[in-house]
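Trainee: So TrEMBL says this about it:
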type: TRANSMEM; residues: 12-32; note: transmembrane segment
type: TRANSMEM; residues: 52-72; note: transmembrane segment
type: TRANSMEM; residues: 92-110; note: transmembrane segment
type: TRANSMEM; residues: 137-155; note: transmembrane segment
type: TRANSMEM; residues: 197-216; note: transmembrane segment
type: TRANSMEM; residues: 256-277; note: transmembrane segment
type: TRANSMEM; residues: 398-417; note: transmembrane segment
type: TRANSMEM; residues: 429-451; note: transmembrane segment
type: TRANSMEM; residues: 458-477; note: transmembrane segment
type: TRANSMEM; residues: 497-517; note: transmembrane segment
type: TRANSMEM; residues: 567-586; note: transmembrane segment
type: TRANSMEM; residues: 598-623; note: transmembrane segment
Amino acid sequence: MSSQVPPPLPQAAGYGVVVGLGVAFALGMVWVTKVIKITFNEDAHSTETFMVANRTIGTGLTACAVISSWLYSSALLGATLLTYSYGLALGVWWGASASTMVTFMSYLAIQAKRRAPNAHTMLEIIRVRYGKSAHQLWIFLCLLNNTFVFTSMVVGSSTAVSALTGMNVIASSYLLPLGVAVYTYFGGLKATFLTDYVHTFVIMIIICWFTIRVILVNEIGSISALYDAVVLAGKEKPVAGNYNGSYLTMRSNSCLFFGILHVTANIGAVIMDTGFWQKGFSAGMAAAVPGYALGGVASFSVPWSFGTVVGLAALALEKTAIWPTYPNAMTPDEVNAGLVLPYVAQAVAGKAGAGAILLVIFMSTTSIASAQMIATSSIISFDIYGTYVNRSPSNGQLIRWSHFGVVFSSLFISTLATAFHEGGVNMTWLLYMIGLFTCPGVFPTCLALLWERQTKAAAIASPIIGMLSGMAVWFGTAYSYYGEITIESTGGTMPCLFATLTSFLVPLPITVAISLLQQDEFDWSVFGQIEKVKPDRANADQKSNGEGDSDSMTPDRARFFNRASRWAAFWAIVTVCGHVLLWPLPMYGARMSFSKSLFIAWIVISLIWLWFTLVVAIFYPLVDGGIQQIWTVLKGTKAGSTISDGADSTILKAISL
């Protein structure tokens, strides 16, 4: 890792956390799967349970899963390093890129449940509407999206684990996903929801403690003192493109450009991630919209509060004796590798802080890795094997291929992360360029659910042209700005920004123009062709706990979906206006640096929001039926009692996961 700083923890600590906790979660998942099969009569060997958790996850657990989806390690590491580099505006933009996309996803999720209630993956919808050619293209686009999202996380996490413990970075790249593969193999999507809760429980407690600890460390002592130290840092090391070179301003060109880039990239990362769709399919009919909306708003606080406090604290502590690289500043390589957070942890809490951040990195990596593995395995089983190898697969065959997909995903991503490490590609490069490959399919995917006139030719042509255009702009801009095409030049802000916007925007006019020329109209009832997977004879006695036993569109269900759609659309619009149009953009135009009183209010409000997120993530799932079902499980382990068919799903119902 860094040649400047010896690891604060021994290698044994790294292997103990990465391997030991991984094995513990795997063994726990095997036990939980068996217990819940007895208690709730749900079986992870059922495809409906493994892939979409019987479509019964409640509001609280859905919100927790959404929050967990934005606690990925590269976000925690990236928000702190970029705040350290560019200032406090970065946290707001990063938070906006999460909250706005999640609330919009709630609208898409309710449309998917409304029009294709039995779908297992978003790709099934594409295949039914546009045929196999489009389906094959979307398989490529979705796998590409999942690959880059998953790999960027493993690259950042393995680097941080190596910095904290001295563990070999290649070993870390392979071992981090390994334990996840085991418990996901046994538990499926419900394992993802359960571990989302457990991991988010631990992560949020550590984040809240660590944020306060950073402010109260002797070398800082208060929010007011943090302000004074960051003002001084801006004078000694002004930021190019920021108002008066200050870190304490929303008038930051770098933050604005990153905000546009990251908001756009995250649109693609969410919509083209089949994992987000599966969480929408798995949510109960009444839970999808409120779960996504609440989770989206709550997730805003982590990059805003945690990223701002830790990133600015790094500026304040860098010139003190407790800083790991003192008296030297961090090198650009250390910053770009994501070492700001590990160094702050070591500075403010020594080995205890390093151990806490090591645990956070492990938890955030494994939680997201589980969702990514399920997403990839669903594509391999349903959309490749079930469509092109065996058109009439049994439940058991789909489960076996899903298991293969979990193992394959783990090994492939670890190998790719190793290749990036060896090739000199760091987490910052991946964060900046990822939108080029996640965005081309965004508009065609949305219109597949929202516009009956998009044609097959338009859906196929537009993302291909968008991606090729984006790549041409990427290489051309990199050469124009830097005179060469290298990893460093293609990771620059402007090449990545222009390329991402091109790949995102170009498909829209193309798909609309082609569709209007062809004058076709899709019959939404065709989505009724998608059917649930029937259990094998051996599992035929499994109780159906899902909502899909009554999938006909009754008048009551139609009214509910219309009302939910309007609410989801309203909340998405409010979030976009609040978190993008009415907050950071007007403050960017204000040409001002923060006063001390404004900065104190800014940090205090962000901390309150962070604790609100903790309440939503930890306590709301318990209130939303979790405590009752914990008791049910405890009784079930002794008496083998079963839960009623109509019970709402929450944490422990999701355990059968």
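Including glycine, each Cβ sits where the backbone N, Cα and C put it.
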Trainee: Short question: which residues 6 or more past the ends of the transmembrane segment (256-277) have a Cβ under 8 Å from it?
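Mentor: For the transmembrane segment (256-277), the list is 69, 82, 86, 89-90, 92-94, 96-98, 100-102, 104-105, 108-109, 112, 121-123, 141-142, 145-146, 149, 371-372, 374-375, 378-379, 431-432, 434-435, 437-442, 445-446, 493-494, 496-497, 500-501, 504, 580, 584, 588.
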Trainee: Pairs 6 or more apart in sequence, C-beta under 8 angstroms, 3 or more of them: is that satisfied by the transmembrane segment (497-517) and the transmembrane segment (92-110)?
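Mentor: The answer is no, given that the two segments have fewer than 3 Cβ pairs within the 8 Å cut-off.
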Trainee: Is the transmembrane segment (92-110) packed against any residues at least 6 beyond its ends, judged by a Cβ distance under 8 Å, and which are they?
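Mentor: Distant Cβ neighbours of the transmembrane segment (92-110) are 66, 69-70, 75, 78-79, 82, 250, 255-256, 258-259, 262-263, 265-267, 269-271, 276-277, 279-281, 283, 288-289, 291-293, 295-297, 299-304, 307, 446, 449, 561, 564-565, 568-569, 571-572, 575-576, 579-580, 583-584.
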Trainee: Sequence gap of 6 or more, Cβ distance under 8 Å, 3 or more pairs: do the transmembrane segment (429-451) and the transmembrane segment (398-417) meet that?
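Mentor: The answer is no, given that the two segments have fewer than 3 Cβ pairs within the 8 Å cut-off.
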Trainee: Which of 197-216, 398-417, 458-477 shares the most C-beta pairs under 8 angstroms with the transmembrane segment (137-155)?
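Mentor: The stretch I would name here is 398-417.
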Trainee: What stretch in 197-216, 398-417, 458-477 has the biggest tally of Cβ pairs under 8 Å against the transmembrane segment (598-623)?
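Mentor: Stretch with maximum Cβ contacts: 197-216.
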Trainee: Please report, as numbers and ranges, the same-chain residues at least 6 past the borders of the transmembrane segment (458-477) whose CB is under 8 Å from any CB of it.
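Mentor: For the transmembrane segment (458-477), the far contacts come to 126, 129-130, 133-134, 137, 141, 433, 436-437, 439-441, 443-444, 447-448, 485, 490, 494-496, 498-500, 502-508, 510-515, 518.
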